[in-house]
């Protein structure tokens, strides 16, 4: 798939022929690709994304359905679905990304982490699939306890295993893409990634989610096995190149505890000492959480209006179909105009959509319109901005800087979900407040994006930008 000899210059990374009449050579660090080997790389990564996205598109909606089926309050619902994963990311994200950037091993610096976490995530999914049966068995031994409480506790054990593994893997997967895919193709590659993810979403929502009430365990079991086998296969097929040696350890290296605090000090100094990156972190954080209010409560919102899960799945499938048509063109436009400018346009559109939803999404038909528009605009943002971090952060420390953005996102994510859940509980289940909240947060994100764009232009803009260190 690649040839990793001595380091090669970045000048040829855009695919220029090395001599007249010779094939184009694409480069990512020490990796070199012809057009043929680049296609092979893309196919393997896209197959990995297919299994990855099937996990992402299915587990959260099925978990949401299960929790609402046992009548979990909205506050507890948000704590489990949004706050707990954010809290795990807050702790693990920076540690894993810092270690990954500095790890050097026979299989590279990213894939070893994926090889460890993939089976754990699959185990968590299998446990979630079996939770209805396990909880009934446990409750049979403790009949005096609340059936809902026992079910939530059983669910929480496997949800924790799944989220720990997923968050660790997510902390390094983006770094793997940045390490093996040539930089000039990142926008189009993420467009293809997005397309594959949307196909997964179409399959799951059109054919499977409507059967959750009768086939929850079977659906989740099949997806767990598919993800575990499929993604492990990719980990063994994709190869990383050679990396420069990590920063040398001091001769009198401190013990593990002191070393942790020294590493944390280095991490925060490198990531948070430059005001430009702080603004980038603010943008990425607020932009990511502006979709959270609607995303977290979509299924409870739909059921509160009398929309069946089958109808909900069909509307989501329509959303993914529209987004699929737009995915590659958006990636192409991101390569031409820059993902930051594309993100600004998407956020502006989302402000308009959520304002409409806040005012008019009061019954199943108007909610369906708002749901589809929400899905399309949020999808446009994630497709357009997928390579934004890779274009703005220093490539040598991408995972570290990406985790710093995730650190801020985790802090806000821990708070937003429960606040919205509590607001809905207090208001008497007025779920349209999710659109109101999304409108307010996306407006703030839009203002942050415009501010970052001004700084970005002063640093050279699309043609001459160099990530400051």
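Cβ atoms are placed via backbone N, Cα and C, with glycine included.
Residues or ranges marked as domain 'Major facilitator superfamily (MFS) profile' by TrEMBL: 276-469.
Positions annotated as region 'Disordered' by TrEMBL: 1-23.
The transmembrane segment annotation in TrEMBL covers 28-47 (among others).
The transmembrane segment annotation in TrEMBL covers 75-98 (among others). Remote same-chain residues near the transmembrane segment (75-98) are listed as 60, 63-64, 67-68, 113, 152, 155-156, 159-160, 163-164, 166-168, 170-172, 175, 263-264, 267, 292, 296-297, 300, 399-400, 402-404, 406-407, 409-418, 420-422, 425 (criterion: CB distance under 8 Å, separation of at least six residues from the stretch ends).
The transmembrane segment annotation in TrEMBL covers 110-130 (among others).
Residues 45, 52, 55, 59, 63, 66-67, 70, 72, 76, 80, 84-85, 88-89, 92-93, 96-97, 100-101, 108-111, 113-114, 116-118, 120-121, 123-128, 131-132, 134-135, 138-139, 142, 186, 189-190, 238, 240, 389-390, 398-399, 402-403, 406 of the same chain lie 6+ residues outside the transmembrane segment (150-177) yet bring a C-beta within less than 8 angstroms of a C-beta in it. Residues or ranges marked as transmembrane segment by TrEMBL: 150-177 (among others).
Taken from TrEMBL, the feature transmembrane segment applies to 189-209 (among others).
Per TrEMBL, transmembrane segment is recorded for 215-236 (among others).
Residues annotated as transmembrane segment in TrEMBL: 276-295 (among others).
Summarising the annotation, TrEMBL assigns transmembrane segment to 315-333 (among others).
The transmembrane segment annotation in TrEMBL covers 340-361 (among others).
Remote same-chain partners of the transmembrane segment (367-389), defined as residues 6 or more beyond its termini with a Cβ less than 8 Å from a stretch Cβ, comprise 174, 186-187, 189-191, 193-194, 198, 284, 287, 291, 294-295, 298, 301-302, 305, 307, 311, 315-316, 318-320, 322-323, 326-327, 330-331, 333-334, 339-340, 342-343, 345-347, 349-350, 353-354, 356-357, 360-361, 398, 401-402, 405, 435, 438. Annotation source TrEMBL lists transmembrane segment at 367-389 (among others).
The annotation transmembrane segment is assigned in TrEMBL to 401-424 (among others).
What TrEMBL records for 430-450 (among others) is transmembrane segment.
Note on the transmembrane segment (110-130): residues 55, 59, 62-63, 66, 96, 100, 103, 155, 157-166, 168-169, 171-173, 175-176, 179, 216-221, 223-225, 227-228, 231-232, 235, 238, 240, 399 of its chain, located 6 or more positions outside it, place their CB under 8 angstroms from a CB of the stretch. For the domain 'Major facilitator superfamily (MFS) profile' (276-469), the predicted model reports an average pLDDT of 94.
If you look at the transmembrane segment (276-295), the same-chain residues 6 or more away from its ends with a CB under 8 A from one of its CBs are 82, 301, 343, 347, 350, 354, 357, 371, 374, 378, 381, 385, 388-389, 392-393, 401, 404-405, 408-409, 412-413, 416-417, 420, 433-435, 437-438, 441-442, 444-445, 448-449, 451-452, 455, 459, 468. Ranked by number of Cβ pairs under 8 Å to the transmembrane segment (340-361), the listed stretches 189-209, 215-236, 315-333, 401-424, 430-450 are led by 430-450. Beyond the transmembrane segment (189-209), the same-chain residues lying 6 or more positions past its ends with a Cβ under 8 Å from any Cβ of the stretch are 42, 45-46, 49-50, 53-54, 56-58, 61-62, 65, 177, 181, 215, 219, 309-310, 312-314, 316-317, 319-321, 323-324, 327-332, 334, 379, 382-383, 386-387.
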